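Visitor: After the structure tokens below, expect a handful of questions from me.
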Ligand code: NAI
């Protein structure tokens, strides 16, 4: 089939590459010429395990191409997947300007039946807005009768495992009220559905809400555990043992029960905000989710609170090693990363920071910019030199069993603030390292 991905970011590039892998002819369009240049020169603009191989194989096979040429891209696909950003507006609602611009650019150029697929995370009612924008452009061209469908197909992939998630989805949600469009969506997703039909076809509004509901539920689990961690500390319990105790209940399950430095990334924070906003606008305030967001804001500061408790509020002259900058492991994405709050709070109090991340160093240099109070170092151990303490912010595998002797021997005094509860407090005590985790009273 012929497919166009509009927006070649984490979602658009993975969607385009994985659909090409199944034999489709895919054009990935982006308005960012730099991104397209990198891809056309054989590079990958993001870190995503396994993506490079899939992209290279399908480019070589002539099934995947990258362009900034909107005319060509719109003409090419029968299915047009919109995967552009939906960042938060000032009031927390999702900013739909990129989605609507993409819809208009389709309406301005299409010459035959198209299925326009909303893959971006968008509030309930967006498919109607997309339909109206396309129609308006068609009418301007005197083509008001031209037929097209708008389908909601929210994406559930996780950064860091995006290719695997796309290839083996738990489910594929399709919101559609157009029979032909539903058939085409069934066809395009059939290779991902071979062992079991994982496609859930529903009305458009339910599909749009499903995506927000999923992220809101996951964020709720995180904030719930983070709040319990605060309590565990006060009452002398260990949240990690509590996690195991409740996760073993199959009704609860083990996933997303880790206390830490708060959720970040490009999805949870903005999606929680957008859903809270939608709910407030409709007069059904989501009290639980409002609390989830408040708890998360507080949680991002918990690690630095512990530093202040140990070293005092004035951190002038102190230096801290920070391990982990990406918002989670296996990605270089630093959007809304807890590390940014940690670095900001430490430096605002006068400290300097030496930071290391296995893959986000280039992204960190771009996001943080050149500054005197933060140095980005090439190796984890190098960050420890002359530091008063180590703060662990992202749970990369390589931090799980580090050289504890080096930590102890290199830090000025052996103090570790572990925002991801990677180590056994008893072991750390035995090693003579002062250890503060999250919720480990
Ligand atoms: P991204 O920021 O990585 O990529 C968006 C791309 O769209 C950018 O390269 C931008 O230049 C391009 N773009 C903007 N307007 C355009 C236009 N009119 N025509 C062509 N290209 C245009 O964003 P990401 O992370 O891929 O997210 C996209 C959407 O998918 C968002 O709504 C997000 O919430 C959702 N999503 C993201 C997931 C993730 O893990 N990143 C997972 C599931 C959903």
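The backbone N, Cα and C atoms fix where each Cβ goes, glycine too.
Marked as active site, nucleophile by TrEMBL: 267. Here TrEMBL flags 30, 35, 86, 121, 159, 270, 335 as NAD(+) binding site. Per TrEMBL, the feature substrate binding site maps to 156, 157, 158, 159, 211, 256, 257, 258, 259, 260, 264, 328. If you look up TrEMBL, you'll see 321-425 marked as domain 'UDP-glucose/GDP-mannose dehydrogenase C-terminal'.
Give me the structural setting of these features: burial, nearby parts and distances.
Guide: Residue 267 (active site, nucleophile) falls within neither a helix nor a strand when secondary structure is assigned with DSSP, and so counts as coil.
For residue 86 (NAD(+) binding site), the same-chain residues 6+ apart in sequence whose C-beta sits under 8 angstroms from its C-beta are 94, 95, 96, 98, 99, 120, 121, 122, 270, 274.
Following the DSSP three-state reduction, the secondary structure of residue 156 (substrate binding site) is coil. Cβ-based neighbour count (10 Å, all protein chains) for residue 156 (substrate binding site) stands at 16.
For the domain 'UDP-glucose/GDP-mannose dehydrogenase C-terminal' (321-425), the number of residues in each DSSP class (helix H, G, I; strand E, B; coil) is 35 helix, 19 strand, 51 coil.
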Visitor: Fewest other Cβ atoms within 10 Å: which of the recorded positions 121, 267, 270, 335 wins that one? Let me know.
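Guide: Each of the recorded positions 121, 267, 270, 335 was scored; lowest Cβ tally within 10 Å is 335.
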Visitor: Pairwise over 30, 35, 86, 121, 159, 270, 335, annotated as binding NAD(+), what's the top Cα to Cα distance to the nearest Å?
Guide: 24
Visitor: Compare all C-alpha positions of 156, 157, 158, 159, 211, 256, 257, 258, 259, 260, 264, 328, the record's substrate binders, and send over the largest distance in angstrom.
Guide: 24
Visitor: Checking proximity to ligand 1 here: which recorded positions out of 259, 267, 335 have their Cβ closer than 6 Å to it?
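Guide: 267, by Cβ distance under 6 Å.
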Visitor: Quick one: pull the CA-CA distance for residue 259 (substrate binding site) versus residue 159 (NAD(+) binding site), whole Å only.
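Guide: Approximately 20 Å lies between the Cα of residue 259 (substrate binding site) and that of residue 159 (NAD(+) binding site).
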Visitor: Over all shown protein chains, what is the count of other CB atoms within 10 A of the CB belonging to residue 30 (NAD(+) binding site)?
Guide: 23
